[in-house]
Amino acid sequence: MPRRTDIKSILIIGAGPIVIGQACEFDYSGTQACKALKEEGFRVILVNSNPATIMTDPELADATYIEPITPEVVAKIIAKERPDALLPTMGGQTALNTALSLRRMGVLDRYNVEMIGADATAIDKAEDRALFREAMSKIGLETPKSMLANATDVKNADRKTHEAERAALKAEKPDNLDAELDALETRWNLGEGDRKQRYISHAMAIAAQALDHVGLPAIIRPSFTMGGTGGGIAYNRAEFYDIVQSGLDASPTTEVLIEESVLGWKEYEMEVVRDKADNCIIVCSIENIDPMGVHTGDSITVAPALTLTDKEYQMMRNASIAVLREIGVETGGSNVQFAVNPADGRLVVIEMNPRVSRSSALASKATGFPIAKIAAKLAVGYTLDELENDITGGATPASFEPSIDYVVTKIPRFAFEKFPGAEPVLTTAMKSVGEVMAIGRTFQESLQKALRGLETGLTGLDEIEIPGLGHGATVANHADDRNAIRAALGTPTPDRLRMVAQAIRMGTSLEDVHAMCKIDPWFLEQIAGILAMEARIREHGIPQDAVNLRMLKAMGFSDARLASLTRTDAEVVTKIREKLDVHPVYKRIDTCAAEFASPTAYMYSTYEVPFAGALANEAQVSSRKKVVILGGGPNRIGQGIEFDYCCCHAAFALRDAGYEAIMINCNPETVSTDYDTSDRLYFDPLTAEDVLEILRAEQASGELLGVIVQFGGQTPLKLADALEKAGIPILGTSPDMIDLAEDRDRFQKLLHKLGLSQPKNGIAYSVEQARLVAGELGFPLVVRPSYVLGGRAMQIIHDESMLQSYLLDTVPGLVPEDIKQKYPNDKTGQINTLLGKNPLLFDTYLSGAIEVDVDCLCDGKATFVSGILEHIEEAGIHSGDSACSLPVHSLPSELVDELERQTAALARALNVGGLMNVQYAIKDGTVYVLEVNPRASRTVPFVAKTIGRPIAKIAARIMAGETLEDAFAHYGAMPDPRNPGHIAVKEAVFPFARFPGVDILLGPEMRSTGEVMGLDRDFALAFAKSQLGAGVDLPRSGTLFVSVRDEDKKGILPAVKRLAGLGFKVLATSGTQRFLAENGVVAEKINKVLEGRPHIEDAIRNRQVQIVFNTTDGQKAVSDSKSLRRATLMQKVPYYTTLSGAAAVAEAIAALKAGSLEVRPLQEYFA
């Protein structure tokens, strides 16, 4: 079946901003889909609100819409572009839900758009819990005992009533029929919140019946959500009703499945691809080391599945294919999840995703099989046997089922430290923000590689303190000790695997460990094997012969771990290893277990002696001139997709320039680890040892021009010293200049020399010094550790008690394991040792200042300021969390001139080669330099999409030796970023709903996971789009609540008057209400939470408030208003905590009321 010729244009819906449960794996799949369909000659139309994606690069689609992904906005794009088909399977749950909404709205039928990849019936059958359960029963597959709680009958009755009202109105035929129909629709839409509450109440009554049927503990799974949003495990009735309420609220269909507990069962996933001719292949089997009860995105997983018998595997394989056939996924990839009772082998189907997923990306990277690319081609009519497998160079067709001869381990990365008050317990609702993948010839090797690739300071299965046991406890002799171990192993946490290892070290039997944690005994035996070898190393030291040292390395032991076990330095171990000529060899990911030769250079390291006739090193290093790009490792808050975008652009530009581009990274979600992004990909941890070994192999042939460390965030920068010591050339800005920008003393001298201002500041190398510096500067002040990204542990300190708490509670969380072991019982000693290496930096807090980000390109002489971004929030909120606009929207031109002058002076002084970011604060007309980052920043993709020039590509060419002018010439003339002819607004997206109990108030530590971009000719509309893209539904009418501190009352007045003038009712607390009344605004008084009921929180929970303006002052006021902020979050009420934010949203609402949003492709802005 050749590709279809009856469709010419295809709309792809992206996944939108990076959120927990839906991250950059969908940029990877969407990018593959765009390339695959363009390759086939289709006109590709893309909508995605996330500017940090490769898929939104204008060359990847014919029309690229960076617009909010809402059904209404996508409907406008369909009306404008008239696509023949819609591919909804590449953009996660966002794309599926949007596609289903478009179908329900009649948009697809109206414009004759066909859904391809998975039709609406298949999506409904897979995502609707009732339909899925019926489908599984029909084909003889068991699902856990369950019951649905929904309000389908009530919804249907409401819909019929609404349709009857429309029909009656049409029958009356009034003169103003269209206006009357619009008014009816407006009333219907405004009543959505009230209807939702009725539906939830109705479903809660059914849930009570379900509880009697299913019993406790119970699993709650909301329909049509991602990453387990709103779901969880209930162990008692109170938890049950709380989670059901949350799940019903999260589900767009107000439906949850209440399921019997299968906690402790083994969990497996199958990645399946099916074509129209019913050819089916299993791309990969995945086994979760964590048993059922932990979301698969939060579980440590391995591929292939390691503890299945062949008979069990074949049963699961056949069941997976039967599921796809019954659901009706005809063209593309799907993920099917199973649970197996280890006691009796009972197999149940948990769920399936009728689309590419997080697991699809992992399976693609684990096997080399490009699931998203193949799925896109199947969607347009091809069959698997007609498509070539790129990895084998076409030696095998895509219908050839992948086979692998290695083990892959994925470990998630968490960010609980960013959310004080959040309990670090894992459930069926996903909480991880990133993941690392490692490849080894054995499970032990891949596990230890993954642990060190996490970049959390681990060198392997490092020791850990079990809560409830004394520090350094080595034996569990007492009942209390055993109870502490049981509690630690029985509670799923990010550190549970290390707790398991520690319990085994302390003499707990494997049988007891299994009983406590339910992890399969085979995995426990493998961990015990590592620990037994650790004990031998402690006793006998580092082997002095190559055979035994190679054996240790083949088990995954890093030089740093061996050094820790023998109480020496990693450099000592490395010297012994090099003296014995023990080095890794590099193997290829080839999809066929070496059955066919693979031309694709997708490599991983391992330690083994090659068998007779085999290549010792399959890397096949070329003789070309080459550049190595270090990636960013696992995603985390503060270092995410924006840096991967920069690494990809560097690879693209260098390949275009004739260099061989070599990528090193260990993140399976990203485009940078796609097999065709670079000339050669090394999927290995970003540690000094692993990177230097790769460079050693690459230097065996050809010329290594250098290594790029400034695109991957803080991760590669930390390796700069080791690279320099090894004599490896670093391209672009020198490590010394990068260090100068981080070193407060040196940086201060540079600013003084240049005549630039900075806030009054100080530096502390000890606890005592910190107190002295704070005393000299006075409060409030900003404190942060040096050499961190994302504002890690950065705080605004208001008084002495806050400083004391920061030093004794927050700083110890930064202390690495080696320092803790050196000072086991001396917290002050630990802190002082840490600060000796990474001092604390103190700045006077510039209250009310405007913060500005400036990005620039420099070749050491010439400078181009590519963007000046004005923050909408005032200084004090981390730049990554603040909304900002490009170009500036309120700064006078003379201040912009001064910012450009200071930026150019800094770039020249630091001899920047490539990119530089400067953060400024402007107060009372004075420009203060806050910090300088002579590297890529997270604003690079946003700036590039706004000005229409790929600044990361230009920077890469500069690093390779081109001048700024020559590098720019490849991509068009230098634009004027001050007057691009349009306005772009970047807005941050937060995961607060995932962390109950956490305060949503923003500060200097970054907490957003992603971003969106609003693009328009008008600032108000661009801001409105940014809010819609971030999931904030701006009200067109309703009630505004205002409560602001005294110094903000005058400033808030214009925004309140604007909304009151648009017909909004105003509620206010007593002081604010008096002020508003004195200034001509009618406002109704309402109680604060502490003033008695009914109070403002009651009004918000009763959906009587549609938007909130609230500013606070001082710790007590912040604390007192926390419950108010949580209420707005849970009720999805827009909440603005700054004067500038309030002013911007008031203008945005006015613009929306004045007319509808227009949509334009990126290409139209730069035509």
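Each Cβ is built from the backbone N, Cα and C atoms, and glycine gets one as well.
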Annotated companion of Arg129, Arg221, Gly227, Gly228, Glu260, Val262, Glu267, Gly293, Val294, His295, Glu351 at the ATP 1 site, Swiss-Prot, chosen from Gln209, Gln337:
Gln337
Return the residue out of Glu894, Glu931 that Swiss-Prot annotates for the same ATP 2 site as Arg784, Thr844, Leu846, Glu851, Gly876, Ile877, His878, Ser879, Gln919.
Glu931
In the predicted model, what is the mean pLDDT computed over the region 'Carboxyphosphate synthetic domain' (1-455)?
92
Count of other CB atoms lying within 10 Å of the CB belonging to Arg129 (ATP 1 binding site):
26
Using only the residues recorded as binding ATP 2 (Arg784, Thr844, Leu846, Glu851, Gly876, Ile877, His878, Ser879, Gln919, Glu931), report the maximum Cα-Cα distance in Å, whole number please.
17
Pick from Gly227, Gly876: which of these binding-site residues has the biggest number of other Cβ atoms within 10 Å of its Cβ?
Gly227
Whole-number Å only: compute the distance from the Cα of Gly227 (ATP 1 binding site) to the Cα of Asn353 (Mg(2+) 2 binding site).
11
Within 10 Å of the Cβ of Glu931 (Mg(2+) 3 binding site), how many other Cβ atoms can be counted across all chains shown?
17
Checking your reading of the structure: which of the binding-site residues Glu260, Glu267, Val294, Glu351, Asn353, Glu931 lie inside a 10 Å Cα sphere centred on Gly876 (ATP 2 binding site)?
none
For Gln337 (ATP 1 binding site) and Glu351 (Mg(2+) 1 binding site), determine the Cα separation and express it in whole Å.
5
For Leu846 (ATP 2 binding site) and Glu260 (ATP 1 binding site), determine the Cα separation and express it in whole Å.
55
